[in-house]
Amino acid sequence: MQSSFGFFFVMRFILCGLLIIAVGIESAMWHKFPHIGGNPEKETTDLNTRLPNHTVPLNYEIVLDTTYNEDTASFFGHVSVDLKVLEDTPFIVLHACDLKIYTAVTINGTRIVDGLIFEYDRPRCLLTLGSSSGKSFNKDVPMKVHIMYEGSYHTDRGIVMLKYQDIDGKDRRLAFSRFEPTYARYAFPCYDEPNKQATFKLTLRHSPEVKAISNTPMDKENSTLIETAFQRTDKISPHMLGFFLSQFKYMEGNLYGMKQRVFSNNGEQFPLIHAIKLTKRIAGYFFSPFMLPKLDHIILPTSIEKAELGILTYSQEEVLLTKSTANTEAWTNLFLRIAHGISHQYFGGYVSVKWWSYIWLTEGFATLFSYMGVDMLFPHWDIWQYFHIEVYNRALLIDASDNARPLTYNVEENQEINALYDNVTRLKGASVLNMWKHALTQELFRESILKYSRVNQFNATSEEDLFAAIQSVVDKRKFDLAVPIADMFASWTQQGGYPLITVTRNYEDGCFTVSQEAFTTNTKTNFKKLWFIPFNYVIQSKPDFRDTKATHYLLNETSVQICENIPQNDWLILNKQSTGYYRINYDERNWKLITEELRSNPYKIHSLNRAQLLSDAFHLWKANHIDDMIHRSMLIYIRQEAEYAPLSTFKEILQYYRYKANSDEDFTNFMQYITRPIYEKLGVNESPTDMHADRLKRPIVIHVACMFKMPQCLQDTRAKLQESLVHNTPIEVNLQSQVYCFGMKEAAHQMLANISDRLSATSDKSEIYLYNLALKCAKSDDVDF
């Protein structure tokens, strides 16, 4: 077997000679190529880094010499790119950043066809190649360009090298790729744009003790102890190429015929069986086996986020979870994180985007599908209540500013591209997709996503491709839509913010009017924006919140009237299960009818609607849309609440009133009155029969009750903390922060001294956090945790 690095060194010898010849002819060629020539590193003030569309890549063959030790700062590599010339051009332009180019030639097999002269525009990371013969590259003539170069390891991009200590305390190093969004150019010359997709054949040279993995399984025939070759990938974007080199150990699982491995330094615990099951559930949504032959999970000693085809990474802090040290929220977030990475295999790997302006298609879908995957695996978790708090409500808060940007947002420079990886992209993207999933029905949405993914498999898309897929299914099913889906959907992706819907009822004739305006936290701003708004509604005499399909639309107009003989004493609530991405205001009488029902029979209204009614009333009051009494009246019903999403919303609202816990005795008494029944029901001790949601709710209730100095709460937390300090009685991990903080509010001097002594004696990070929290809470009433 001939090693590819044997070829590498032969080529290096030949190409170095050719470089001497090329340098000799550069000056003669300069007048023929104004774009390239004798200045190998060009300085420029134009930071547009987009590539011309003269050529596109078809396949890369990359060999990287990644052999490293404590003195290594750089790596060597060579890349061969098969190109398609789309139009006659005198030059080829690729991305290359912080790379030292030695030689560039066109080749046919192992035979050099032509030497290339090059110009390196370092600020823009552009490498321009021209033929030493002065000829143009002709349309439709097959080409292979071969480049030899040297690059540097980095700590956050390109090929990352990190130092760590193994389980025996010995210093080690590892290296891995971090190419998303525009960092592949730091590892090899390439067309580093998401729509410039190609296949990749990667070979890594490394020390014998190092294990190398990449997107695809090992190509055993062409691998040796010091050189690992990998099977060719499908057509993917450069940022989805990935690899990892380390001396990590791994555990392996194989279920449903698919191999998954977990690589870690110290054998960190990882729920591999659940990761495999999540993969199966998400793949099942697409009615097919998982699209890859393997999936690797890597636990890194860093918080760098990345997801590549067939490779998912996590930080040690994310996965160092045991039943004795990790709370329910941390476990929930870990499973969502795993599901998010698996979802990225479909949205980002299987289907990429034509440009970063549409990155919400990958990030929004991956966020939504992470919740869908967890819901399919753990239906008893009721994960959509968590989605409502962590995704939907957070998106509404972020998206209410005057300068809220659209989901589809034109970017060019790398700094702008990086800025798109934010919570607007992830949270709003997921919320808008979830709205249409319900408005169009989950069945139609699923068929549309199948169409979108299969038509565009291993290809690059824009939002228009998604709209076209949905429209084709709408047409096929003869689904009743008065306006093309592209017009409706684009009103949510191409403008920032979201609407405030106002419902005004005519109690005499049973009609009601739905009007819209842009919602903003700045009451002086008046945006002239309109949306195509899907909605439905439910009334008191028919309180069925199950069917979330849109029954009506506000079609890019300011208002619409609905006349369906609603009884005048019935409450009316828009937006079943709060799936529509907007806030809702009602006339005063309807608000009163709703609050009366919440006080007398709250469970007649869906828990997600109860949560959003609380949130809307609070934020509408803050923005001067409703009277304070409506907001206060909504709070009172909480005495009878027992669900996570409304209680979490209640806690977030009360953060606004924290200062009143010390300055307003009447308000403090009011909060104690509201919270007492819930606290007395849940208490400060977990039960073996607690459900997942119970373990999320109890810390919220303790926090609120103790924050407003309910005597029983302060007494119970102090007693629980004292029992732990004196008798080493363990405190449930979900309740530790609350007990350590509020248990210290009226602590005796001896308890303070005990905590201080323990803080001095421990090196455990979780204990240090709890002891510091206890000491801060003993001194201040305004501590966040």
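Even glycines carry a Cβ here, placed using N, Cα and C.
All annotation found in TrEMBL is predicted automatically rather than curated by experts.
Among the features that TrEMBL reports, domain 'Aminopeptidase N-like N-terminal' is placed at 56-237.
Sequence annotations record features per position, and here TrEMBL assigns domain 'Peptidase M1 membrane alanine aminopeptidase' to 275-489.
Here TrEMBL flags His340, His344, Glu363 as Zn(2+) binding site. The Cβ of Glu363 (Zn(2+) binding site) lies under 8 Å from the Cβ of Tyr421, Thr425, Arg426, Gly429, each on the same chain and at least six residues away in sequence.
If you look up TrEMBL, you'll see 571-774 marked as domain 'ERAP1-like C-terminal'.
Counting every protein chain shown, 25 other Cβ atoms lie within 10 Å of the Cβ of His344 (Zn(2+) binding site). Mean pLDDT of the predicted structure over the domain 'ERAP1-like C-terminal' (571-774): 94.
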